[in-house]
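Novice: TrEMBL lists CYS145 with the feature active site, proton donor. As annotated by TrEMBL, phosphoenolpyruvate binding site applies to LYS51, ASN52. Residues or ranges marked as UDP-N-acetyl-alpha-D-glucosamine binding site by TrEMBL: ARG121, ARG150, PRO151, VAL152, ASP153, LEU154, ASP337, VAL359. Taken from TrEMBL, the feature domain 'Enolpyruvate transferase' covers 37-438. The 2-(S-cysteinyl)pyruvic acid O-phosphothioketal annotation in TrEMBL covers CYS145.
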Amino acid sequence: MQRNSLILEDRPINHSLSLTDSHSLPEEDKSVLQIWGGNPLHGHVKISGAKNSALAIMAGAILCPDDCRLRNVPSLVDVARMSQILAALGLKIERNGDTLDIDARHLQQSQAPYELVSQLRASFFVIGPVLARLGAARVPLPGGCAIGARPVDLHVRGLQAMGAEVHIDHGMVHAYVPGRNPKLKGAKIYLDYPSVGATETLMMAATLAEGETTLENAAQEPEVVDLANFCRAMGARIRGAGTNTIVISGVPNLHSVDYPIIPDRIEAGTFLVAGAITHSEITISPVVPDHLTAVIAKLQDIGAKVIAEEPNCLRLVPGRLRATDIETLPYPGFPTDMQAPFMALLTKSEGDSVITETVFENRLGHVAELNRMGADIRVKGKHALIRGVSMLSGAPVVATDLRASAALVIAALAADGKTTIQRLHHLDRGYYDLEGKLRQLGAKIERVQDKTDAGVEADQTLTAPSQILTPPQMQS
Ligand code: EPU
């Protein structure tokens, strides 16, 4: 969705960042996933902590001039990247299993490095807490990404409403609070669109502002609520998170906290879809079923049953799959992050379905790849028309973004023969050990080094040039 936007620069992405600390990242992406379809799944999957909560809450830890302990933090490339950004700002970070200790006592740097921000869109969110604590912040424009232009105008306008001077120079957003006492001021802010990131940036900024801030038409996503709960656990005064009006009364200081991240509703939904397409009975936990209401409703529509076994455990009971229509919307509507996995499912559902993507303008990159596997999908603008087929066939395919990768894995599980998926760096950004978890359920899946030229060949012969040229790594 393209809205009034600040200018985004089309600058090259730096792939050669050297990564030396414990949060190491893969420098190259030479592995591929091989999946042999047709094996039924069974058993239980443990759902990891929510990526999009973890990223926002890590930024939120900047607000605290003390130690924060985060639990249930998923071990993902995006989390490692966010750790590096915090480290570049002067924070100390230590990872121990799924616990992350963040010490923001020595926040010294107000400037986030371009090489890091350009690789992780969510890192732009640090602008709010850095500005709130230091009175100044300089963060590069994150730029567009594989799924859309993704401007940051709503973040910037909200900060301006709170008294910040903001200007953009050579792709760098400079924000500062003028005057001797560089404190943001509470304001009434109406968001043109309930942006998750803008709601999070402004809510964080407002926790330490003077006076009361009201965010109207705020995002209601569970990750926004998780961030609000984290801030409240540090002493922030926030009410209304989870509704479209959030009111934040600024406090002078926040304190240390020990906080568990909520389970990842998108990972949970991905496994439910994997169960449905392979006609398998599986259970998943921990989950918050309320976070999955729209996803569960669509699964039931399509013919699968989802039963609450326990308050935090769901059982997927497969059924005969039939077509449905889906429109992605801000929460509590159907999540855009589940659009690609559901499209994979609908390729094998009886009848014609329509998926309408309203949140991002370029999030249908998986269509060409699913068609390569025998699906029958046509795209018209933001609509995808899916005609159910009786069989998918394994094929070499290329992941175009994070959730597109998940869609290809799901289709491959139900396809006849072997599928090889390239560009796994997308998958590794947001799913912790997807192949390990699927293997445990009985899927035949392995990650191997791509020693042949197959990767290059597939890129050259099978993928549209626009897909190859899109900077592949930034998304969250
Ligand atoms: N938008 C604007 N101006 C702004 C901000 C957003 O026009 O200032 C537009 C965007 O371009 C987009 C729409 O508003 O078209 C929605 O963007 P939003 O700000 O809500 O998304 P986000 O904060 O950038 C988060 C998640 C995404 C998820 C979306 C929507 C994180 C780190 N990322 O992005 O997650 O799809 O909300 O729910 O929280 C993913 O996990 O695969 C992923 C992309």
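The backbone N, Cα and C atoms fix where each Cβ goes, and this holds for glycine too.
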Novice: For PRO151 (UDP-N-acetyl-alpha-D-glucosamine binding site), identify the closest of the recorded positions LYS51, ASN52, CYS145, judging by Cα separation.
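Specialist: The answer is CYS145.
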Novice: Need the DSSP three-state call for ASP153 (UDP-N-acetyl-alpha-D-glucosamine binding site) to compare against my parser.
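Specialist: In three-state terms, ASP153 (UDP-N-acetyl-alpha-D-glucosamine binding site) counts as helix.
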Novice: Write down the Cα-Cα distance for ASP337 (UDP-N-acetyl-alpha-D-glucosamine binding site) and ASN52 (phosphoenolpyruvate binding site), rounded and given in Å.
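Specialist: With distance taken Cα to Cα, ASP337 (UDP-N-acetyl-alpha-D-glucosamine binding site) is 11 Å from ASN52 (phosphoenolpyruvate binding site).
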Novice: Go through LYS51, ARG121, ARG150, our binding-site residues, and report the one whose Cβ sees the most other Cβ atoms within 10 Å.
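Specialist: The most densely surrounded of these binding-site residues is LYS51.
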Novice: Taking each of the binding-site residues ASN52, ASP153, LEU154, VAL359 in turn and counting other Cβ atoms within 10 Å of its Cβ, which one has the fewest?
Specialist: ASP153
Novice: Roughly how many Å separate the Cα of VAL359 (UDP-N-acetyl-alpha-D-glucosamine binding site) from that of CYS145 (active site, proton donor), to the nearest whole number?
Specialist: 14
Novice: Please state how far apart, in Å and to a whole number, the two most distant Cα atoms are among ARG121, ARG150, PRO151, VAL152, ASP153, LEU154, ASP337, VAL359, the recorded UDP-N-acetyl-alpha-D-glucosamine-binding residues.
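Specialist: It comes out at 22 Å between the most distant Cα atoms.
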Novice: Which recorded positions from the list CYS145, PRO151, LEU154, ASP337 come close to ligand 1, meaning a Cβ under 6 Å from one of its atoms?
Specialist: PRO151, LEU154, ASP337
Novice: Just the number: how many Å between the Cα atoms of ARG121 (UDP-N-acetyl-alpha-D-glucosamine binding site) and the residue listed as 'active site, proton donor'?
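Specialist: For ARG121 (UDP-N-acetyl-alpha-D-glucosamine binding site) versus the residue listed as 'active site, proton donor', the Cα atoms are 8 Å apart.
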Novice: Taking the Cβ of ASP337 (UDP-N-acetyl-alpha-D-glucosamine binding site) as reference, which residues of that chain separated by at least 6 in sequence fall under 8 Å from it?
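Specialist: Spatial neighbours, sequence-distant, of ASP337 (UDP-N-acetyl-alpha-D-glucosamine binding site): ILE266, ARG403.
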